[in-house]
Amino acid sequence: MLTYKQRQSLNHAICDYVRQNEGSDELLVQLESVLLPNGSDVIPQDPNLLERKWNSIVRLQSKIMELEKNCEELQKSIDEQQSSTNQISNASSDWCPRDTPSFQITLDASITALCLHPSLPIIFIGLDSGKLLRYDILNVELPLQSTMAHMDGITSISISLPNENGRPAYLATTSKDLNTKIWELELDSTLSHIKTLAGHEHTVSDCQFFERGADLLLATCSRDLYLKIWDISNGWCIKSFQPHTQWIRSLHVHGEFVLTGSNDSAIRLTHWPSGNGLSMGIGHDFPVEKVLILIPDPQHLQPQYQPLGFQHVASASRDGTIRLWKVSLPKFIPHRPPRPNPLDTTFKVIAVLTDHNSWVRDLRQFNDMLFSCSDDGSVKCWSLDWTNLSTTTCKKSWDLSNKGFQNCLTLDNIAFTGLPSRKLLFSGSSEGTLTSFMR
């Protein structure tokens, strides 16, 4: 037996059916008088609710089956994506660029600095003319943006990431014009100049963004012998000291420690908040062009080096060599800044790599590989064995000498960004040629 509401719904459906199929008015009046004697008792159907008709159960079952199918397809897609991500990650850990370049573009001045955007297919290029270019690496016919950033050559570029508190991404450029400029990156990577950091009295050689707590800081070094730490929020210099007696050409910051290389042919490790010099490496015959703190997998870091966060560094020099060093461990005293160990203040040379035939200009780490470029026109890839760095050998070499001296390199800085690594390597030459190796 049907309930009253069910009978009313059935009767109303019959009348609707006759009406929609153009039944005669006389028939419709007769049906309504018999089936719906109290038409006002019928509550109108809410269009936002599921229809209460006899086929509603069938429709509901069909909808359930459709949703289940969609869920299965989505789960399959997620599983495939995770599998693909794992394959990319595994492939990237031992990735080595192809034998031939993916593309080359020639610009109107020597390329002196390169920097990849950590997530977008964008590369920033600094020229010796002071021009800053922004290119889409998937379409390099024309630059996305060209800015005369400095009055003299750009020497380095560093990029920072936005944070959860709304801080935007920034780009820093240093130059021979004695200035460091800070640029804000919009969501589409468009550059807007926001401030100039003036304080150095000679060429600013290198820079690097790094975080300390919630603060974004920038380290710069210069031919005026000073290394400076800047607070980006207000543009103030919060620390300034002299780690070397000659031109500081390169720096690399890791936490509270900064590694520097100089024209005095030495490299030094300093605790920058206190300015305490901790140890140094002596062995190069000519000025040091580039220094790099080597970040190993956590399992390869010895327990006593945990407070430092690393135990090996690399340096590239005009003597044509790359040296791998083991850092002497400073003394860590609770509630005090670290101090040099009086019994061990000198780095130990682990390996001297001599495959380059001229000045070695730049160094970059990619997982267990070290990339270098030189005035001999070559780019080289070195295989790092963390258990025995003395066995480091050249894994692959690319001869780009027909494009001039190779001044600089860039690839994804995995340790800094924490983002998935991409199979990208770029080299910039003295003749203005950007060479790309993709996959």
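Cβ coordinates come from backbone N, Cα and C, glycine included.
Listed features, source Swiss-Prot:
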type	residues	note
COILED	55-90	coiled coil
REPEAT	149-193	repeat 'WD 2'
REPEAT	199-240	repeat 'WD 3'
REPEAT	243-282	repeat 'WD 4'
REPEAT	295-335	repeat 'WD 5'
REPEAT	355-392	repeat 'WD 6'
REPEAT	402-438	repeat 'WD 7'
Cβ under 8 Å to the repeat 'WD 2' (149-193), counting only same-chain residues 6 or more beyond its ends: which ones?
110, 112-118, 120, 122, 124, 126-132, 134, 200-209, 214, 216, 218, 220, 222, 230, 232, 235, 417
Looking only at the repeat 'WD 7' (402-438), what is the mean pLDDT?
85
The repeat 'WD 6' (355-392) - residue tally per DSSP class, helix then strand then coil
3 helix, 19 strand, 16 coil
Can you count helix, strand and coil residues in the repeat 'WD 4' (243-282) using DSSP?
0 helix, 26 strand, 14 coil
What does the DSSP secondary structure composition of the repeat 'WD 5' (295-335) look like, as residue counts for helix, strand and coil?
6 helix, 12 strand, 23 coil
Summary of DSSP states over the repeat 'WD 2' (149-193), given as helix, strand and coil counts:
0 helix, 23 strand, 22 coil
